[in-house]
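As given in TrEMBL:
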ACT_SITE  A:47  active site, GMP-histidine intermediate
BINDING   A:6-13, A:31-33, A:48-51, A:59, A:81  GTP binding site
């Protein structure tokens, strides 16, 4: 299980996709985005245009652990893009969910990853390196995202930070580069 | 003197504490937080619950150089958590202080570190990697924090950047890992 | 061609200048800032005071590719500080320019770099590691900046990330350090 972490438009999705394509397995995108507004719909369309024809796509905004369990197979490589949108969906789909439950969902997801029947590459955003946000919800989101990234990184075989399209290995090594 | 730099919920406090605990010395937390509101009080309580019973705690929101001078001893390791809250306290406790004085306090702190009677680990936030903040005070804070981090990093024996709980060495090496 | 990437007040300008001074060539600052308000004028004056007397300065807020073509010579080293302000100028000098044109200007700039008659060091900000900005224009800017950084990094001989004044090599190696 490989974890790719980076900023907005850092090239993290492309790196994850390139790695998946290089694996020789059938690449499956597990998309957590929902085309809720025009801006997001345009983003999804652009990302889709950047992927080549070999890709299968599965959309799952909420039950990510379930989707991974269903889709994982030894002849496939799953790319989850991305955990940040999944976290957004979890926080806003159910705004009465207390904070600890969002973190619990992250821990449950992380615990399920080593059990999957095939390899998975997870993509996430680092969002904690700017100034403290003005509003409390953004601060809560930032805390949840930071904890989720730590939880996933702890069980990952490799963790790569991406900046300006370039990878920086924080842990392990991606199989194709060994 | 070791310097640990990272984003919000990046695992920087835990890394600093783990290193202090591994040193075999008496770990002393020098906390710069003040429980000014419910959110901060909850954060302090959670951090306290995560530390084990060996820890001593000293609170010092403003005169950090003085606290370090008083508390440092060869049989202790001090963990300052964190410089970002200290800077916040300096800027807002005295809002008539001109910008250069805040930077001067940072330089005076950095100059005092090599004189301490025992080891210290300082924790700080990197806050300059987001979009330019809308309000002038946030931009001023960001500039001061950036200069403070540079000043402390320049005199540190080791500097570690933390992302998703994983360390990335920018300078030197932490003693326990040599 | 060397690319230096970092946050606000991370020490990226100083690193680029130090490298240029160490090259033994005539250092030329290609400044993209315009003294549009008091805050920016003060920043420009402070940066100017930090540079030593050997420096020549050229100001070019918009036609950066043209300025580099005019100024590059084998006995000079150009330092562009910075691409973030150039991008700001491009987006706001011509607010009817559609998004793809700003990206096209970035690609044209990157394509022109290997043709220059002398070495150049480009400085840019990483702005995508904070929380998603509230306003759409800031999100657009963040996306353009991320793509520009990827485009320039792809053609650069070396890419260095700077935090707390310390360099982290993402690609290649700066000539003076070989």
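One-based numbering along the chain as shown.
Heads up, the Cβ atoms here are built off N, Cα and C, so glycines get one too.
Annotated features, which come from TrEMBL, shown on the structure.
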| residue | record | Cβ neighbours (10 Å) |
| --- | --- | --- |
| A:6 | GTP binding site | 30 |
| A:9 | GTP binding site | 20 |
| A:12 | GTP binding site | 26 |
| A:32 | GTP binding site | 22 |
| A:47 | active site, GMP-histidine intermediate | 17 |
| A:49 | GTP binding site | 7 |
| A:59 | GTP binding site | 13 |
Within reach of chain B, those recorded positions of A:12, A:32, A:47, CB-CB under 8 Å: none
Secondary structure of residue A:59 (GTP binding site) (DSSP, helix/strand/coil): strand
Between residue A:6 (GTP binding site) and residue A:47 (active site, GMP-histidine intermediate), the C-alpha gap once rounded to whole angstrom: 16
Cβ-based proximity (under 8 Å) of the binding-site residues A:9, A:32, A:49, A:59 to chain C, or none: A:9
Rounded distance in angstrom between the Cα atoms of residue A:12 (GTP binding site) and residue A:47 (active site, GMP-histidine intermediate): 12
